[in-house]
Amino acid sequence: MGGRQDDVTATSGLQIPLIRSLDPPIKPSRNRFSSLCAIMASMSSVLLGYDIGVMSGAAIYIQQDFEISDVQVEILVGIINLYATIGAAAAGRTSDWIGRRYTMVLSAGFFFVGAILMGFAPNYPLLMSGRFVAGIGIGYASLIASVYTAEVSPASSRGSLSSFPEFFLNVGILLGYVSNYAFSKFPLQLGWRFMLGIGLFPSLFLAAIVIFVMPESPRWLVMQGRLCEAKQVLNKTSDSIGESLQRLADIKKVVGIPASCDDDVVQVPKQSTHGGGVWKELFLHPTPAVRHVLITAVGVHFFLEATGMNAVVLYSPRIFEKAGISSSDHKLLATVAVGVTKTVFILVATVLFDRVGRRPLILTSVGGMIISLVTLGVGLTIIERSHEEGTWLVGLCVGMVLADVAFFSMGMGPMGFVSSEIFPLRLRAQGVSVGMVVNNAVGSVVSMTFLSLYHAITIGGAFLLYAGVATVGWMFFYVVFPETRGRNLEEVEGLFGNLLWKFSSKKDDNTDVENS
């Protein structure tokens, strides 16, 4: 390279200044492109968020229109998580088969059909059929957003970019809340149909940008032996050409392609291309590192839902009613405040994940949730037992709901998507699907039991129960969750399976600081 540069200097002195003048914009351009890819992939989370947000208000009007019981409302609201479990279980194998991009298109198609069925449903059974179809699409979307974003992001910004799906999920929730308020003045039989049916537009927009703008995941392309295409995507999404080459070499090593192979298209063993043997490696014969990864991922998704965030988001109007807010408009406006808070505080995680690390954020997040849930549970118990509805108590309960969603969004929430980085490439799509299955299964239980739970142990008791679960979760994360900040995806597996990971992580971090 040095000889070639000298020749250029001798033959044309004007070329070197020209090249130097073009050098500075290269790095920002690539960083912007990886961010753009992450944003486009994360938009699939808007579908899930919109359904969660809009159903919190739409359920009130559906119950009046169809004259259904609280149990039927619980099933209507919460069962979509159960249906999403089916989509999440199938999404891992599907994305290994047809690619990450077309899996997103498939998820948008399911949600499009589901939105039409829900919007035109003449009765409760047909409304449930629309929930089923939309739920399958949501299951696909929840998995593929995190997998694609982790695979396309450079190590320097992977934590921030991997939190984008949670940000857009919160944007979807906020849009759902705004839709509730906007259509609440419509006639009873028309308003909730607009709330649900308008969800078809985000799915159309998502399918269009995936088909016409987004590149395929470079790691999936290497798994298919399409090295030339993978190089092009890596060059655009890496911080430097050197990092691009290193990422390609690491992926080739994991897939089993010789480092010296530079062909545009190569033959890859079937096991690497379509996920063969993954389930055996995950469950039947896991290495200590894989076992540690699986326990960590399942734990993240379990506590993400078992701490009751779905109950807060889906039933916030009822919670505010129990806190003493009687006006329907005020309840919906307070619910919009929940959506705004969740959306704003996810930006904290986006900024800090790659600065302070995953572990400090998630421990702080869960610790704050514990305090918020305990205070909310005590406040609601005082209101319920003393029948006192003083302004300070109402303000305390509303404030603690907002604090709970704020702490959740700054660490715990986005960690569900960021956790996709801990799986090795060969296990990632189907490993993440296991986490999403747990996530949706536990989320469906929380959503479908909250009304019955607070009737059984009071609404204050329900939140104290969630606080107890969060306490167990904090101890779990403190013991098993290592720091992955700044590592390439192919290096992350090495942090697991070692009981002394905390000491080795600190040592490595100090070394990185010295080298920088």
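Just so it is clear, glycine is given a Cβ too, placed from its N, Cα and C backbone atoms.
What TrEMBL says about this one:
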DOMAIN    37-485  domain 'Major facilitator superfamily (MFS) profile'
TRANSMEM  36-63  transmembrane segment
TRANSMEM  75-92  transmembrane segment
TRANSMEM  104-126  transmembrane segment
TRANSMEM  132-152  transmembrane segment
TRANSMEM  164-182  transmembrane segment
TRANSMEM  194-214  transmembrane segment
TRANSMEM  293-312  transmembrane segment
TRANSMEM  332-353  transmembrane segment
TRANSMEM  360-380  transmembrane segment
TRANSMEM  392-413  transmembrane segment
TRANSMEM  434-457  transmembrane segment
TRANSMEM  463-481  transmembrane segment
Segment proximity, the transmembrane segment (434-457) to the transmembrane segment (75-92), 3 or more C-beta pairs under 8 Å: yes
Segment-segment contact (the transmembrane segment (194-214); the transmembrane segment (104-126)) at 3 or more Cβ pairs under 8 Å: yes
Contacting positions for the transmembrane segment (164-182) when only residues 6+ beyond its ends and CB under 8 Å are counted: 38-39, 41-58, 142, 145-146, 149, 194-195, 198, 202, 313, 329, 332-333, 335-336, 338-340, 342-343, 346-347, 349-350, 409, 413-414, 416-417
